[in-house]
Amino acid sequence: MRFREQFLGGSAAMPGATLQRACRLLVAVCALHLGVTLVYYLSGRDLSRLPQLVGVSSTLQGGTNGAAASKQPPGEQRPRGARPPPPLGVSPKPRPGLDSSPGAASGPGLKSNLSSLPVPTTTGLLSLPACPEESPLLVGPMLIDFNIAVDLELLAKKNPEIKTGGRYSPKDCVSPHKVAIIIPFRNRQEHLKYWLYYLHPILQRQQLDYGIYVINQAGDTMFNRAKLLNIGFQEALKDYDYNCFVFSDVDLIPMDDRNAYRCFSQPRHISVAMDKFGFSLPYVQYFGGVSALSKQQFLAINGFPNNYWGWGGEDDDIFNRLVHKGMSISRPNAVVGRCRMIRHSRDKKNEPNPQRFDRIAHTKETMRFDGLNSLTYKVLDVQRYPLYTQITVDIGTPR
């Protein structure tokens, strides 16, 4: 009996002492675990190594390792070296050598400068679609009136999308037609006002990526339309990578915005039915007034001739060049291709060229050495107005 009491008394004391020591050990291990966890959290180290360092089984971790710790889906692990997510409302501290600023590139040797990074926007993330082949903005036949008063300042305010120098591109689509419109010019300010008044809205409705270049011949020597067009081609390419060139007289206005001021697979004659000629084509070879050539087509014929001083002949020479290079002329129908001409008397120093018929007869020979490869001129002034760019040039004198 005494033996039993001694045994029971001893056994009652032993479990209490043992449990107390076990609890102290468990508290110490938990404190160590908490301390190591805190240190690793603040330093951004990999928490997946904690069980190996503290020697605590996954059962004692209580699900703080792996996917459960970062709320990751089962089977996914945080990459080695990745920072654990901070508590809600707490911003992560930068890591020396890795984070130079919030949002910096996370990797050694990578530099970040927030001021140089583009700010993501809806338009920046989503690329614009290509403009449709036929613009939905066209209205068709239009009334052209040359008796209205035109104020260029007011016109510029009504067309805020036009950039300085007469540059425009659609804001809601990307146009494949990068068009430079070249106007040979001298002393036609009133005509230019009407041209800008009517053409800018038309070109915008056609959804073209375009620029307007007025090539102004300085001095009072004989006018040379074709040479000015060559100059316009070269000068426009200094501004932008145009792929199409429309060559337009300043006194011609289209009466239908379906008459496209752009390039096609073949050279395009745009002013096919002028009121001056009773809204009909004067002759099959006629290529004057307004025409369009792609960059490749223009280069293939060595540009336009430089030796047609005075009125007439150069458009027929251009037609011959195209035919000799195996090209054909594309035209709109006589309804869409209607144009109005601003009536005016013939300019001084633009009298008919008496040599034009002889020169036209020899186009096949002269086109090899008369054109872009023989073009000489001097730019005297460049003015970029709100609605157009004017380039004043000295083109020399007839030889």
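Placed from the backbone N, Cα and C atoms, the Cβ positions cover glycine too.
Per Swiss-Prot, the candidate among R340, R343, R356, R359 that belongs to the N-acetyl-D-glucosamine site alongside G313, E314, D315, D316 is R356.
In the three-state DSSP classification, C244 (disulfide bond) falls within a strand. Cα to Cα, C173 (disulfide bond) and C244 (disulfide bond) are separated by 18 Å. A distance of 29 Å separates the Cα atom of D251 (Mn(2+) binding site) from that of C131 (disulfide bond).
Between the C-alpha atoms of R356 (N-acetyl-D-glucosamine binding site) and C131 (disulfide bond), the distance comes to 42 Å. Here the topological domain 'Lumenal' (45-399) returns a mean pLDDT of 82 for the predicted model.
Here the Cα atom of E314 (N-acetyl-D-glucosamine binding site) is found 35 Å from that of C131 (disulfide bond).
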